[in-house]
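Take a look at the structure set out below.
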């Protein structure tokens with residue numbers, strides 16, 4: 001008995017020593033604080049390598065000899081994760097999970113570019129100046145990778161905020177031969193209105209994509225890539241605070257949402273379809289559902305898998321796309337194109353609420369982005385995006401609310417209504433001859449539409 005205890009004791013001590021040694025070898029992102037931001041920090045770039053061999057353990061790469069004593073495989077795909085401005089000095093809360101999702105998706109090198117010393121500074125303009133220096137540092141590493149047999153087309157740079165422009169500067173140093181740049185809400189301040197050489201642009205990589213979530217504040221407003229996604233119009237993300245009373249979340253929620261949206265695409269939680277469109281209003285009106293220029297591939301899927309549309313996108317002029325999301329994961333919504341023909345003698349204006357039910361579950365959307373116009377025998381179209389998929393749809397409830405200030409009470413007479421699913425190939429749902437009284441629910445059982453057109 002005593003020998004067994006001795007053996008177990010030796011094993012326990014050995015394991016503890018191994019864990020301690022491993023903890024000493026594993027590197028974490030630089031963790032600073034607000035005092036550091038007030039004092040300002042000098043730039044120091046640290047490169048942390050993560051692989052499937054030990055996905056939770058970051059290896060600090062030597063700038064001089066990055067491939068010695070490391071698990072770096074230059075023949076594999078390499079993804080760089082580059083953070084942005086860090087006014088409080090703390091590491092990004094999403095970084096570890098982002099690395100995990102990437103390594104779960106495929107075998108690759110993930111390099112976290114830790115430039116927290118240099119990004120932590122109350123002087124934003126000084127941080128902007130540092131972006132060129134970070135890009136030069138990464139250029140040196142990538143050149144070493146290339147010299148050791150790496151293919152530039154196998155490099156994917158994911159840049160958040162200022163990190164997006166760092167990716168662009170790095171790609172420009174290789175004449176756009178880097179495989180892919182993903183820009184997550186690229187920084188706007190100090191970059192809006194700048195010429196292509198002073199910001200990210202499509203020539204910086206073989207494929208450049210940009211996601212916009214805070215273009216009215218911290219993000220960039222205009223097109224930057226071969227394809228640009230404007231989530232929920234590119235500003236004011238659902239679930240984010242609308243007033244400063246919510247504290248720091250008011251400033252960072254919209255901007256940071258870009259990261260979580262892209263992470264969800266890497267994790268494959270649910271696909272988000274991006275519709276090419278000239279404006280968010282046109283998108284909401286349901287006039288941009290045609291993706292014929294992508295032929296059999298259909299509309300692009302936002303995120304990690306968008307590379308499937310690369311060959312078509314790089315041949316087109318810069319493509320602007322829109323989509324809507326839920327306020328939390330799963331972010332994808334389920335879309336229907338709604339077409340209505342009314343037969344009132346007079347023109348009516350108002351808003352619609354649509355509820356779908358399968359008998360046990362319900363999902364509802366309020367179409368209130370603008371007052372809809374209903375003219376006699378004229379088709380009114382709008383896009384309805386629901387929080388989740390309800391199948392089979394057994395009941396539909398409509399509510400019509402006239403535009404404020406219009407009296408007496410209105411009744412909207414529908415010759416027919418048609419709901420066409422956008423995410424699947426189910427047959428459109430119809431109903432004929434309905435009377436909607438002001439602010440009253442009208443529930444009916446839909447039927448398969450008689451033909452493909454009204």
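Every residue, even glycine, has its Cβ placed from backbone N, Cα and C.
Pulled from Swiss-Prot:
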- 161: active site, nucleophile (ACT_SITE)
- 185: active site, charge relay system (ACT_SITE)
- 255: active site, charge relay system (ACT_SITE)
- 240-253: disulfide bond (DISULFID)
- 277-288: disulfide bond (DISULFID)
- 291-299: disulfide bond (DISULFID)
- 430-449: disulfide bond (DISULFID)
- 73: N-linked glycosylation site (CARBOHYD)
- 137: N-linked glycosylation site (CARBOHYD)
- 151: N-linked glycosylation site (CARBOHYD)
- 267: N-linked glycosylation site (CARBOHYD)
- 358: N-linked glycosylation site (CARBOHYD)
- 1-23: signal peptide (SIGNAL)
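Here residue 255 (active site, charge relay system) comes close to 161, 185, 213, 214, 217, 218, 219: these same-chain residues lie at least six apart in sequence, with C-beta atoms under 8 angstroms from its C-beta. Residue 240 (disulfide bond) has a Cβ environment of 20 other Cβ atoms inside 10 Å. Checked against residue 267 (N-linked glycosylation site), the recorded positions 151, 288, 299 differ in C-alpha distance, with 299 being the nearest. It is 161 that, of the recorded positions 137, 151, 161, 267, has its Cβ surrounded by the most other Cβ atoms within 10 Å.
Taking each of the disulfide-bonded residues 277, 291 in turn and counting other Cβ atoms within 10 Å of its Cβ gives the largest count for 277.
Around residue 449 (disulfide bond), taking its Cβ as the centre, 19 other Cβ atoms fall within 10 Å, counting all chains.
Other Cβ atoms within 10 Å of the Cβ of residue 358 (N-linked glycosylation site) number 14 in total over all chains. Less than 8 angstroms from the CB of residue 288 (disulfide bond) sit 275, 276, 277, 278, 282, 322, each of them six or more residues away in the same chain. Annotation: 185 carries the greatest number of neighbouring Cβ atoms among the recorded positions 73, 185, 253, 430 [cut-off 10 Å, Cβ to Cβ]. The shortest Cα-Cα distance from residue 358 (N-linked glycosylation site) to any of the recorded positions (73, 137, 253, 449) is found for 449.
Taking the Cα atom of each, residue 253 (disulfide bond) and residue 299 (disulfide bond) are about 28 angstrom apart. In space, 137 is the closest of the recorded positions 137, 291, 299, 430 to residue 151 (N-linked glycosylation site), judged by Cα positions. According to DSSP, residue 185 (active site, charge relay system) sits in a coil region rather than a helix or strand.
Counting in whole angstrom, residue 73 (N-linked glycosylation site) lies 39 from residue 291 (disulfide bond) by their C-alpha atoms. Here the CA atom of residue 430 (disulfide bond) lies 24 Å from the CA atom of residue 291 (disulfide bond).
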